[in-house]
Amino acid sequence: MRISFPVSWDKHSRILKFLLVIVLVLGVSFRFINIDKKAYWDDEAFTSLRTSGYTEAELVERVASVDRISVKDLDKYQNTNLEKGLKDTINSLALEDPQHPPAYYLITWFWVQWFGNSVAAFRSLSALLSLLALPCIYWLCRELFDSFLTAWIAVALIAISPFHILYAQEAREYSLWTVTILLSSASLLQAIRLNTKLKWGIYATTVALSLYTFPSSAIVTIAQVVYVITIEGFRFSKRTITCLLASIAGFIAFSPWLVVIITNLSHINKTVGGQGNMPTLSLIKIWTFNLSRIFIDTNHERAVINFGFENPLTYIIQIILVVLLVILSGYSIYFLCRNTSKRTWLFILTLILVTCLPIMLKDLIDGGARTIVLRYLTPGYLGIQISVAYLLATKITTISRQQKLWRIVLFLLLSGAVYSNVISSQANYWWTKSHSDINFYAAEFINRANRPLLLSDGSMGMILGLSHQINSQVQLQLKPYCHTCRVIPPAVLKKKLLPIPDGFDVFLFAPSNELIQEVEKDAKYKIKLVSVELWRLDKKTI
């Protein structure tokens, strides 16, 4: 494969080729640099738990049935072991986390057999899987535009995107989901173009793989079917029928897990729930900031754009940058629709609108906030990145007075992404990992104590995440909240966290209001907040 340019533009082609190669190398490197530096957060800890084959109920029952437990004891429930196997991993998901299909977790199970159970091992699998998105986006853009340059710019944008790099360093299925979205999209376009049984069979397989990776792939498949029906003039043509049959075949292959999801909908609603009420203006503000993050991470609180927390310049520059990136995204879609065939622009438009608009409207109507989480809108963000790639590839090769301006835009866009990744790669926590900042600062206080004892009736997920940050000598006295349990384990109902044993430096982590009030009533201790979700208990002097 080579990057081709107009003959009149050859003198600039070497510079662009060099820039794209450098960006590609940096994008690959950033996926692995300091891969274990950021705090291991709740969701990632649940990946370790599911891979181990244990259920959360088994873990909670164990920690609540003993007076105290060590960090090493918790490690047992986050490592593969002889007691549990692959079947137990599937059972753990089906019983407690059915909204997470098993494809990624089965791959992870085999991976950690070879490379161990460390944070770096878990995350390196996601990083490697994310690299598969690069040839997939290249293939998809070649099918859409038949343009080497557009394809290579799209590869560069995906490679260096802070959004994709952050999720490439997350021990979850989202980088694999990106791959399957692109793979199914490219295979669909190839099947439409060649219209052979083999190609439609490949498409059906990619649909099944995508569904077994993340259930929201169903919306992506619906978008693809809508696209085919539309380009076929809303007729039940042979191609339309074949597409429908291939999609149905993919769903039939997914049906065993679909049954698991349907029979556990009430449990899924209980464990997933909503993100809380969100005012409309706040929701729209977050959407715009999140859109900018697929190109440049404007997270000023973590020093990407930071002239001081109280300095207005921090917010002014951040807002200007966000507005410019939103305008660029919007203009790229307009430019795409004006300058490409219906078969091209309609594919991108359906990928964006069908996958994003329904859940965005739902949030606007009922005050939900599911769409503030970037990963749920991944298909739409991919569509926007492809349209921006087409805009830039066209503008920088079109002889006009604006050609130099668009070269500068491309350079600044890639440079901003590189800078974002340089900053985030050195951080101990980031916005993608909820509670990771809480755990990081709590661990600093706990690890400084001589003989720390941690009391908590908080979320088991938060405690598991914290266990990766605290020293091995820390003792834990737990009555944890079980997030995915179907019933409260009996040991939790019986467990009492008080009285507190003597001889320890005692901390409360993520306690309930009831636990705080109970400790405050104890005449032996005075309680002091030392960090977010962390209290220190000091003995009162007589």
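Each residue, glycine too, has its Cβ placed from N, Cα and C.
Annotations in TrEMBL come from automatic prediction, not curation.
As recorded in TrEMBL, the features of this protein are as follows:
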TRANSMEM  15-33  transmembrane segment
DOMAIN    99-259  domain 'Glycosyltransferase RgtA/B/C/D-like'
TRANSMEM  120-141  transmembrane segment
TRANSMEM  147-167  transmembrane segment
TRANSMEM  200-229  transmembrane segment
TRANSMEM  241-262  transmembrane segment
TRANSMEM  315-337  transmembrane segment
TRANSMEM  344-361  transmembrane segment
TRANSMEM  373-393  transmembrane segment
TRANSMEM  405-423  transmembrane segment
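A contact between the transmembrane segment (241-262) and the transmembrane segment (200-229) is present, since 3 or more of their C-beta pairs, 6 or more residues apart, lie under 8 Å. As a quick check, the transmembrane segment (147-167) and the transmembrane segment (405-423) clear the bar of 3 or more Cβ pairs under 8 A, pairs 6 or more apart, so the two touch. The recorded stretches the transmembrane segment (315-337) and the transmembrane segment (344-361) share 3+ CB pairs below 8 A when only pairs 6 or more apart in sequence are counted, and are therefore in contact. Proximity of distant same-chain residues to the transmembrane segment (405-423), defined by a Cβ-Cβ separation under 8 Å and at least 6 residues beyond the stretch ends, is recorded for 12, 19, 23, 26, 30, 153, 156-157, 160-162, 165, 295-297, 302-304, 321, 328, 392, 395-396. Outside the transmembrane segment (15-33), and at least 6 residues removed from its termini, the chain residues within Cβ reach (under 8 Å) are 3, 5, 124, 127, 130-131, 134, 152-153, 155-156, 158-161, 165, 168-169, 396, 411, 414, 418, 421, 425. Averaged across the domain 'Glycosyltransferase RgtA/B/C/D-like' (99-259), pLDDT for the predicted model comes to 98.
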